[in-house]
Amino acid sequence: METVDTSQRLARLRELMKERNVDVYLVPSEDSHQSEYIAPCDGRREFISGFSGSAGCAIVSMTKAALSTDGRYFNQASKQLDNNWLLLKRGIESMPTWQEWTAEQLEGGKVVGVDPSLITASDARSLSETIKRSGGSLLGVQENLVDLVWGKDRPCRPSEKVTVHPVEFAGKSFEEKITDLRKELEKKKSAGFVVSMLDEVAWLFNLRGNDIPYNPVFFSYAIITPSTADLYIDEEKLSADVKKHLGDKVSLKPYTSIFEDAKALGQSAQAEVNGGASDPPRKFFISTKASWSLSLALGGANKVEEVRSPISDAKAIKNDTELEGMRACHIRDGAALTKYFAWLENELVNKKTVLNEVEASDKLEEIRSKQKNFVGLSFDTISSSGPNAAVVHYKAERNNCSIIDPEAVYLCDSGAQYLDGTTDTTRTLHFGEPTEKERKAYTLVLKGMIAIDTAIFPKGTTGFSLDTLARQFLWKEGLDYLHGTGHGVGSYLNVHEGPIGIGTRVQYSETPLSVGNVISDEPGYYEDGKFGIRIENIIMAREVKTTFSFGERPWLGFEHVTMTPLCRKLTDPSLLNDAEKKWINEYHSEVWEKTSGYFAEDELTRNWLKRETQPI
């Protein structure tokens with residue numbers, strides 16, 4: 001991982017701040033749609049700080065600069081940040097939050113500036129209150145200052161073609177989805193909903209794009225009212241097939257006209273109030289993740305209502321077609337991973353081939369690309385050997401990566417986009433003789449993964465409540481990991497999908513798990529500079545039968561869909577109880593049954609799979 005000298009960039013940014021009377025400038029990670037993964041043109045935080053992780057916030061004052069990120073990226077950030085930057089480790093008690101650190105810089109009534117399109121309206125309000133208590137004020141700076149520093153070197157905004165996602169994969173027409181949304185809006189007496197999240201627009205209209213790497217979304221907004229459906233998108237992105245798909249049920253408008261139209265809607269609502277309507281005027285809804293800019297355009301906090309997105313909740317509960325697609329694509333994807341691991345072991349151990357991390361991941365992509373319905377990867381493959389496996393979101397650079405050491409742990413976290421689903425699988429392997437500590441760590445992580453997989457819980461339980469099941473065995477040894485245990489997964493959409501998850505984030509306590517949720521199960525353990533362990537399966541929430549039904553509530557459990565062998569060499573059977581051994585043996589029997597047919601004429605892979613799925 002290379003460190004970028006940010007001195008000149010910071011100096012130029014501070015010049016621009018001074019010209020605009022801004023004392024502290026915030027650079028969030030997100031784009032104007034609050035996307036977790038962004039297009040290169042929106043990589044402002046990475047440009048100004050040198051840190052390339054997917055989460056974090058940069059804060060620049062006239063004399064200092066700080067970068068806040070979470071536990072997934074502590075190791076990576078410490079390597080990528082140069083001496084201009086202070087690393088604020090989120091969640092560490094001795095460290096201030098980035099909001100607290102910002103407030104500490106504000107003595108004497110200073111001004112904090114931020115691009116209002118890059119933070120949510122609710123975050124702007126809470127940040128403003130924090131800043132006020134320190135004597136400062138928050139200013140929305142319409143012109144993005146990092147863009148000015150970046151200048152002509154900033155990548156252009158993508159404008160890739162949009163495609164139709166057929167109902168044979170979506171399971172429901174876009175007309176039905178809009179009808180369902182309108183019913184929800186009517187229940188809440190809303191004038192309409194402004195859709196700002198890219199995956200929500202894609203899901204609602206059964207469309208997919210390619211504007212953000214690995215995420216099949218496209219730059220757009222939408223406004224849905226009781227009688228209209230407007231899609232804000234650059235029309236050159238739309239083929240004749242897409243226009244035919246939308247028909248006369250959707251009005252197409254330029255992407256950049258959303259704020260002008262939002263302002264007009266806000267003024268119309270205000271005119272209704274001024275006209276003394278007998279009924280309370282209906283407000284437009286925006287998601288709690290919508291930008292401060294969008295809220296201001298609609299008239300601000302008193303004129304617009306921020307709500308949990310009804311689209312986000314609907315999208316998280318997969319229909320039967322989507323669930324069947326997830327099962328099918330994970331079998332094919334599991335076969336691809338099995339072929340890759342068999343190939344990799346043969347190259348490293350039998351042929352003594354020298355392979356680096358990128359060469360290996362290239363081979364995996366080649367194998368995956370031959371699978372039915374393959375579209376592309378769902379994220380940048382994490383192919384990490386030895387100490388690199390301790391970097392949770394490690395990225396091997398093509399011209400600067402490690403040779404895979406057969407005598408060290410190898411962690412591979414990878415996934416793909418298929419027309420019928422999205423995959424995300426992590427396996428940790430060893431091609432030599434693992435140490436006792438590596439085997440123990442792996443087995444403790446495996447026990448946690450099994451505990452989530454086999455959990456049974458009453459309807460209404462959240463992922464926040466389940467999280468300790470995955471950590472309990474590590475905790476007994478005084479060990480832990482600094483990332484969530486699971487995230488929601490889209491259906492040929494974003495591999496990280498809200499609002500559900502398993503972990504300690506506040507939002508995971510707000511959304512109960514429901515039948516049809518698709519979520520990852522991925523505990524881990526990492527020792528900086530030594531090795532890392534992570535095991536990840538994708539699981540789907542379903543209703544289960546129990547002997548009793550306390551409170552007459554439905555009870556839920558999980559169905560795993562990932563079909564890839566676990567690592568026998570790293571598993572210590574002496575640390576497993578009988579139920580866990582039974583689970584592993586039954587899982588491996590299922591993997592063999594569902595994937596071995598792919599290798600009828602591939603003796604190498606078939607033999608590897610047979611060996612790895614033998615009972616323990």
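Cβ from N, Cα, C; glycine included.
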Recorded Mn(2+) 2 site member, picked from Glu305, Glu306, Glu536, that accompanies Asp413, Asp424 in Swiss-Prot: Glu536
From Glu407, Glu522, Glu552, the one annotated by Swiss-Prot with Asp424, Glu536 for Mn(2+) 1: Glu522
Shell of the Mn(2+) 2 site beyond Asp413, Asp424, Glu536, same chain only (C-beta within 8 angstroms of their C-beta centre): Ser414, Gly415, Thr425, Thr426, Ser520, Glu522, Arg534
Cβ packing number for Asp413 (Mn(2+) 2 binding site), 10 Å threshold: 24
Mn(2+) 1 site, defined by Asp424, Glu522, Glu536: further same-chain residues with Cβ within 8 Å of the Cβ centre: Asp413, Gly415, Thr425, Thr426, Gly486, Ser520, Asp521, Arg534, Ile535, Asn537, Ile538, Thr562
Nearest-integer angstrom distance between the alpha carbons (Cα) of Glu536 (Mn(2+) 2 binding site) and Glu522 (Mn(2+) 1 binding site): 4
Site with most surrounding Cβ atoms, counting all protein chains shown within 10 Å, from the binding-site residues Asp424, Glu522, Glu536: Glu522
